[in-house]
Amino acid sequence: MPDSAVARSHRSLLSRINLEIREHAPVPQQVALLAAGLLLGLLVSALILVSVGVSVSALLNEFVISIVTSSRSMGNVLDRAAPLVIVGLSAAIAFKTRFWNIGIEGQVIFGAIGATLVANADIGPPELRLFTMGAAAMLAGMIWIALPLYLRLRLRINEIISTLLMNYIALNFLLHLLYGPWKDPVTAFPNSKIYEHVERLGSTGWLNISTSVAIAMVFVVIVAWIFAASRFGFLMKFVYANPAMARAIGVNVAVLTILAVLASGALSGLAGFAISAGIDNRMTQSFFVGYGFSGILIGFLARNNPIAVVFFAFLISALMVAGQSLQIFYQIPFSIVQLIQATIVICVAASEFLIRHRIRFVR
Amino acid sequence: MEFLINWLSNVPQSAVPFALAALGLIVCERSGVLNLGAEGYLLVGANAGAGAMLTTGSPMFAFVLAALAGGALSLLFALLVINLRMNQVISGLTIVFFAQGLTSLIAARNGWTSRSFSGLDQLDFGLLTDIPVLGPILFNQDAIVYLTVALFAGAVFVFKRTEIGLQIRAVGENPAAADSTGVSVSLYRYLAVVSGAMLIGLAGGYLSVGVSKIWVDDMAGGRGWIAIALMIFARWQFWPALAGAVLFGCIEALIPRVAAVGLQVPQYFVLMLPYVATLCAMVWVSLDRTRHSGVPAALGEPYVREERR
């Protein structure tokens with residue numbers, strides 16, 4: 001049908017909406033649209049909170065004022081942001097090779113198990129204890145992602161489902177340890193015995209910044225360098241854009257995927273260490289709750305950009321800390337945090353639609 | 001023998017949530033929309049079902065509400081993936097996350113958590129129920145068990161024999177071709193997504209109303225993901241999915257009975273069983289390279305028409 005005929009057939013309508021796909025929206029416009037989506041998400045979230053009975057002034061107080069003015073709240077936000085940054089990086093690295101690592105939660109659990117194993121058995125000299133724990137956590141995270149990785153590369157088994165199933169297996173293994181061999185010998189509560197002082201990630205002694213935050217920042221720099229400047233990162237861009245093409249011009253896609261996915265598992269494991277040694281000082285039943293999904297959402301929101309990961313991790317962390325005080329002071333279940341995160345992602349995704357499409361009203 | 005009858009007569013009840021969820025997933029995915037939100041639809045269905053039972057006590061109303069809750073949540077999902085063309089993996093996960101938050105919030109606000117209620121009655125087929133061995137296994141179940149089989153038959157009929165089924169398959173295999181013959185891709189995808197989610201919602205409703213008779217947060221416990229694996233295992237075909245669901249029903253019904261057999265396995269290792277079995281099933285399917293995987297050709301791809309000015 002020629003264009004004129006289409007135009008004629010629509011003449012009766014006053015105007016119609018036409019969608020055009022655009023490859024490259026101007027960057028300032030992209031940022032503006034994303035920011036608008038983010039704001040909309042926060043606004044909707046605020047409406048949800050008000051609807052469950054939080055007053056507007058309380059909302060401002062918990063989310064903005066107390067975090068900005070109280071150094072303790074700020075410290076809490078930073079401490080929680082550290083593992084979130086690390087899981088966000090983990091998601092970003094895996095996504096860059098088109099491997100959906102939905103099993104971050106399981107790897108976080110195994111990371112903490114690895115670190116706690118070292119702490120319980122007092123492996124290595126005390127001066128190197130934290131280092132050993134971190135290395136064990138990374139190794140455990142890698143081990144936990146190795147099977148889905150193998151299954152995907154060898155048997156083409158969908159990694160979304162296999163990594164997710166591994167989460168449930170990891171959780172049951174954790175519960176087995178905490179209700180069985182690793183139960184706290186002093187209190188008989190289902191958590192591991194408290195870490196000794198040499199096994200805790202304390203403050204760096206500089207501006208009250210904790211060691212876990214410092215570790216997270218180091219990995220942000222490393223990952224940013226890998227993505228932006230290394231040969232590995234360059235090849236990853238190739239694989240992300242078009243795996244078949246990358247293979248055709250001689251990039252070893254399998255090796256690249258293996259390296260990226262193992263790095264992702266290692267980072268998730270490290271996040272488990274950062275939570276157990278940086279926040280709780282022991283391994284508990286639910287220390288990992290939400291970190292897996294949050295990591296995926298942070299990676300998505302940040303569009304796999306390590307610097308943006310820091311921003312969104314900070315945002316989600318503030319949300320988690322505020323969610324905790326809402327739980328204590330307003331009896332609002334902590335799950336509201338999940339609801340808000342999902343709302344933000346939905347709104348940002350809606351704004352992405354406007355970045356990728358131009359809407360025209362045609363007469 | 002008594003153990004066997006006792007075990008097998010519990011299988012249908014354990015199998016129904018898997019079966020209905022896999023059925024809903026197949027209906028949805030045959031239209032080309034990747035649905036990772038099953039766990040979320042199960043949760044809203046279970047939540048709505050439990051709420052209805054606690055407030056009205058009518059199972060019939062509870063199941064209708066459970067299906068509607070699944071359908072309502074899927075409208076949001078459909079808007080994201082069909083209209084806004086959002087990444088279908090992220091959308092599905094977001095729906096799960098959204099549902100987890102929403103259901104525990106609703107349950108906590110209304111005080112539904114951990115409050116038990118009366119469940120469903122078994123149907124009595126008189127003489128048939130009294131048949132030894134087969135009677136308790138096949139003829140002493142609740143109405144939803146039989147409804148599930150009927151729904152499978154209905155879905156097979158719709159997909160094989162009706163225009164609507166044909167169009168849904170067409171938009172799932174080759175949306176561009178379907179579009180060029182005047183079939184609205186969005187319309188049929190909406191239809192498939194929403195009706196599929198209603199089936200999964202019903203599965204969730206059965207989980208709370210028919211099986212556990214109580215609401216606890218996150219009570220779907222990964223069954224949505226297992227149902228997705230079941231669908232892959234069944235190559236997106238209806239009857240094999242039902243068979244797979246029965247198999248998983250056997251495994252799940254075995255879990256509380258492992259100790260009774262005299263096996264000394266730590267309980268958390270027993271609880272891993274469904275997930276390990278699912279992984280094994282996926283490996284087993286993938287080893288058989290001779291058969292077509294059955295995945296709808298356009299699965300996961302948002303449909304974008306070449307747009308005119």
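Glycine is treated like the rest: Cβ placed from N, Cα and C.
All TrEMBL annotations are machine predictions without curation.
In TrEMBL, the feature transmembrane segment is placed on A:102-119, out of the ranges A:66-83, A:102-119. In this chain, the transmembrane segment (A:283-302) touches the transmembrane segment (A:102-119); three or more CB pairs sit within less than 8 A of each other, excluding pairs fewer than 6 residues apart. Beyond its flanks by at least six residues, the transmembrane segment (A:283-302) meets 83-84, 87-92, 95, 101-106, 108-109, 112-113, 115-116, 167, 174-175, 178, 182, 190-192, 268, 271-272, 275-276, 308-309, 311-313, 316, 320, 337-338, 341-342, 344-345, 348 of its own chain at Cβ-Cβ distances under 8 Å. Cβ atoms under 8 Å from those of the transmembrane segment (A:336-355) belong to residues 25, 29-30, 33-34, 36-38, 40-42, 44-45, 48-49, 52, 290, 293-294, 297, 300-301, 316, 319-320, 323, 326 of the same chain, restricted to positions at least 6 beyond its ends. Ranking A:31-57, A:131-151, A:163-182, A:309-330 by CB pairs under 8 A with the transmembrane segment (A:249-277) puts A:131-151 at the top. Most Cβ pairs under 8 A with the transmembrane segment (A:309-330) among the ranges A:31-57, A:131-151, A:163-182 are made by A:31-57.
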